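Visitor: Okay, these came from TrEMBL:
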- B:6-27: transmembrane segment (TRANSMEM)
- B:71-92: transmembrane segment (TRANSMEM)
- B:122-416: domain 'NADH:quinone oxidoreductase/Mrp antiporter transmembrane' (DOMAIN)
- B:128-148: transmembrane segment (TRANSMEM)
- B:160-181: transmembrane segment (TRANSMEM)
- B:201-226: transmembrane segment (TRANSMEM)
- B:238-259: transmembrane segment (TRANSMEM)
- B:271-290: transmembrane segment (TRANSMEM)
- B:297-318: transmembrane segment (TRANSMEM)
- B:324-346: transmembrane segment (TRANSMEM)
- B:366-389: transmembrane segment (TRANSMEM)
- B:401-421: transmembrane segment (TRANSMEM)
- B:442-461: transmembrane segment (TRANSMEM)
C-alpha cells in the first residue's frame, strides 16, 4: 500500500520519460490524473491508520542489504506523526500539478521532475530505515535544483545552487551522524523502529560519538531544512525564484521534512538531549519568529514576503519542540502536538498563499506590491482564497493556523514563559504584514492596467478549493487531525513522563 | 615443484590475443581493420569465461608463492578483463576517427590488461614491480598515441619522466625491504615483521618509499602532478583506462601488500596513509573546482576518489577490504560511463571543455542522461552505485575508529557535487550553440545502456556484487 503510494509518481515519471504520452496537453492531463490518484491513495493511507493501534502501521518490508557489515532493509511504515504528512504531500502534490498548467516550455521534463520530487518527499515521511531515509532525503535535491534553475524566474540559477549547497551541507552532517549511530556498538542495523523503542538499541556509553554530538549533527541537518535562523538564507531566494509549483512543494512539504526529522529523530531517539538543550533550541526558534517577522514587514515582493513569513512560522515548531523542558512531572503533549500541527497547517496555508500568488503573477506578471492594488474586484475567488490563507497565517480562530499556534504557546509557556511571550509578539507582527499585504494588493485603488484581469480558471480553482477546505476543516474541528498526531507523539511524551527518557541512559 | 601452468591460462589467452591482434594488423588491409576490436573483445570474453569456469574456488600458487591464484586474484582478473573489454568498446569509434595504427593500439592495450591481471596475482614484490612496469610502459605509449597532438606528447613526456622516477623510488623501497628482511614474498615478509625486533628506521624508510612509488601510480597527493596533464593530453579512451584500470590495478597490489605483507606493523603506516588520504581528498576536490577542461576536471575528481580509497586502505581490517573493492568497481563503472559519453560528444563536436557541453542533453538525450547520472554517482548521490560504495567505505572507516576521516570524506563529496553540477548544468540547462542532434553509434549506445543499468542496478541492489567482493576479500585474510 505504502509502496504504491510512494512510487506511483515515479512510475508516472518513467512512463513520461519513455515517451508514452505525447503532446503537451496530454501530458498535463496525465499528470493531473496521476496527482489525483496519489492524493486518493494518501487519503486512504491516512484513513487506514488507526490511532490507538500499533505504533507503526501499514508496514512494507523487504530485506535489502544483508552482508556482514551492513544491514539495511527496505522498510516503509506510518505512525501518527507521518500519516497526516503523507496526506499533506499528496494534497500539495496535486496542487503543484494543477497550478503548473501554464508551463509551456519543456513540459515533459517539468512533470518528470515534479513526480520524482513527490516520491522523494513521500519516501522521507514513510521510510523507517535510516539508509532509506537518507536516500529519499538526498533524492529530492536534484529535481528541486532542476525545477528552480530551469523553470524559475529572477536569479534562478543562483537560488537553485544556494538551495542545493545549503541542504547538502546539512545532510552531510546527518550522514556523519547516521554512520556514527550505525557503527555504535550494539546497533548494527539501520532500523529506526528498533532505535525508537524505549530502551532501544542506542546505548550512550557505547555510542561512537557523544550523544550530544549526535543530537546536534542531526539538528543541523534539520535546522537547515526547517529553516532556522541563521541558516535560513537559502529560503527567500529559493522560494521567490522557483516556479509556483516549486514554491508550493518547497514551502508546503519540503520544509516539513526538517520538522518531521526533528520530531522523529531528535525528539524520538535523543529525548534526554532534547530536554537538556531545549533552551538554545527555543531561543533559536524565537529569534526565527521575530527576525523572520520583522524582515517580512519590509518586503515588497509578494513571494519573498510569504517566504520570510515561512521562516517566522517555522520558528514556532522549535518552540513546540522545546516544550519538553517543562518541569514538574506532567508533560502534556500540547507543545509537541502544536509543533506537528504547525507542520500540517503551515503546509496548507502557505501552499494556498503561493497558489494564489502564482495565479496573480500569471495574470499580472508582477509580484511587486506597490504596483498592485484593488485586485479583489477583478479576481474575487482568488482574492477570497488569499484572504482566507492570510487570515489563517496570522492565526485567526476557526482557521487552522490558530489551532497549531495555540497548542505551541500552551506547551511553550509551561517550559519557557518569557520566550513564549516573545514568540506571541510574532503574531502581532504577522497580523501587521499579512493585513498590510492584503490591503495593498487586494483592496484600495486599482491601477488602470489591471482593469481587464480575469479570475482563476477551473483548473486553478481545484487546488484553491481543496486547500481552503482543509484550512477551514482543521480550524473548525481540529480533533480529527490532532488525535492522529497525539497518537504518534504519545510514546515520546509518556517516555518523558515515566522518566525512562526513551533510550539513552 | 610441480607448476600447474593451466592456472595461468587466462593470462596466456590474453597475451596470445595481443599477439594475434598485432599479427592480424600486419596482414589486414586498411579497410578491414574494423575486425581488430572485434577480435580483441571476443578474445577477452573467452578469457573471462575460462577464468570464471576454471579458476572459481581455486586457491593455489605458482613458483612457490610468487604468483597467486585465489579468489582475490580471480575477482580482479575478471574485473580487469571486463574493463579491458569496455575500453576496447569505447575506443572503437574514437580510434577509427582520430588515431592511426589501430593494430598496435589494441595490441598494447591487451598487454596492459595482462599486466593488470598479473599485478593482482603477484605474491611477491618483484613480480609486482615487473607487472607494474609492463603496465606503465604500455600506458606511456598509449598516452602518446595521438602523435601529432602537442598535448598528447607533453602529457606523455610528463608521465614517462615521473613514472620512471616513481619506479626508481619503488625499486629502492623494495630493495630496502629485501635488504632488511631477506625476502620479497608477501607471506614471508609478514612473518618476518611479526617478530618484535624487525622494525627499524631503514624498514620504515623502505615502506615509505614503496608508498611514495605506488602513490605516483595512483596519483595521490602530493604525487599527482602528472595526472591532469597526462589525462588531458591522452586520447579519451586511454584517459579512461588510466583513470580506471591503472588505478584499480595499483590498488589491487596495494591491498594485497598491506593486508598481507605489512599488516603486522599496521600502526606504523596507518597514520601515513590517513594523512595522504585526507590531503588527497581535499586537494583533489578543491582544485577540481577551478577546472574548465572536462578531462582535467575528471582527472582531479579521480584524485579525490583516490583519497577515499586510501582512507579505505588505512582502515584495513579483516572486514575492511570489501569497501575498497566495492568502490573500485563502482568507480570503474561510473568513470567508464562518463568517459564514454565524453568520447561520444567529442567525436562529433570536437570539444572536450565544460562549456562545450552546453545543451548536449537535447542533442543526444541518452548520452546526456547517462553522463548526468554518472556525475551524480561520482558525487555520491543516492540510488546510484557511487553512493552505495562510498557509504560502505565510510562505514568501514568509522568502524575502525576513523569517523573523523569519514567526516572529511563526506564534506569532500559535497565540494565535488558542486563541480559535477556545473557540468550537469551545461548539459541540461544551458542552451546549445548549435542545436543539431549528435549522432551516436549504436555500439556506444548499447555500452552506455549497459553501464547505466550497472550504475542504477548496483546502487539499488548491490547484494550480488557485495557477495563477490566478500568472496574475494576472504581470500585475502
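Keep in mind that glycine also has a Cβ here, set from the backbone N, Cα and C atoms.
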Visitor: Counting only residues 6+ away from its ends, which parts of the chain sit with a Cβ under 8 Å from the transmembrane segment (B:160-181)?
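Guide: Residues 125-126, 129, 132-133, 136, 140, 188-189, 192-193, 198, 200, 202-203, 205-217, 223, 225-226.
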Visitor: Checking distant contacts: for the transmembrane segment (B:201-226), what same-chain residues at least six beyond its ends satisfy Cβ-Cβ under 8 A?
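Guide: Contacts with the transmembrane segment (B:201-226): 132, 136, 158-159, 162-163, 165-177, 179-181, 246-247, 250-251, 253-254, 257, 262, 268-269, 272-273, 276, 279-280, 283-284, 299, 302-303, 306-307, 309-310.
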Visitor: Could you check whether the transmembrane segment (B:324-346) and the transmembrane segment (B:401-421) come into contact, where contact means at least 3 Cβ pairs under 8 Å with the two residues of each pair 6 or more apart in sequence?
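Guide: Answer no, regions not in contact.
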Visitor: Apart from its near flanks, which chain residues at least 6 from the ends of the transmembrane segment (B:128-148) lie with a Cβ under 8 angstroms of it?
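Guide: For the transmembrane segment (B:128-148), the sequence-distant neighbours (Cβ-Cβ under 8 Å, at least 6 residues beyond its ends) are 98-100, 105, 108-109, 111-112, 114-116, 118-119, 122, 155-157, 159-160, 163, 167, 170-171, 174, 217, 230, 233-235, 238, 241-242, 246, 249-250, 253, 257.
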Visitor: With Cβ-Cβ distances below 8 Å as the criterion, list the same-chain residues six or more beyond the ends of the transmembrane segment (B:401-421) that contact it, or say none.
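Guide: For the transmembrane segment (B:401-421), the list is 274, 277-278, 281-282, 284-286, 288-289, 291, 297, 301, 304, 307-308, 311, 314-315, 375-376, 378-381, 390, 393-394.
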Visitor: Cβ under 8 Å to the transmembrane segment (B:297-318), counting only same-chain residues 6 or more beyond its ends: which ones?
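Guide: Residues 218-221, 224, 227-228, 230-232, 239, 243, 247, 251, 254-255, 258-259, 263, 266, 270, 273-274, 276-285, 287-288, 291, 324, 327-328, 331, 335, 338-339, 342, 354, 378, 390, 393, 396-397, 399-400, 402, 405-406, 409, 412, 416, 419-420, 423, 477.
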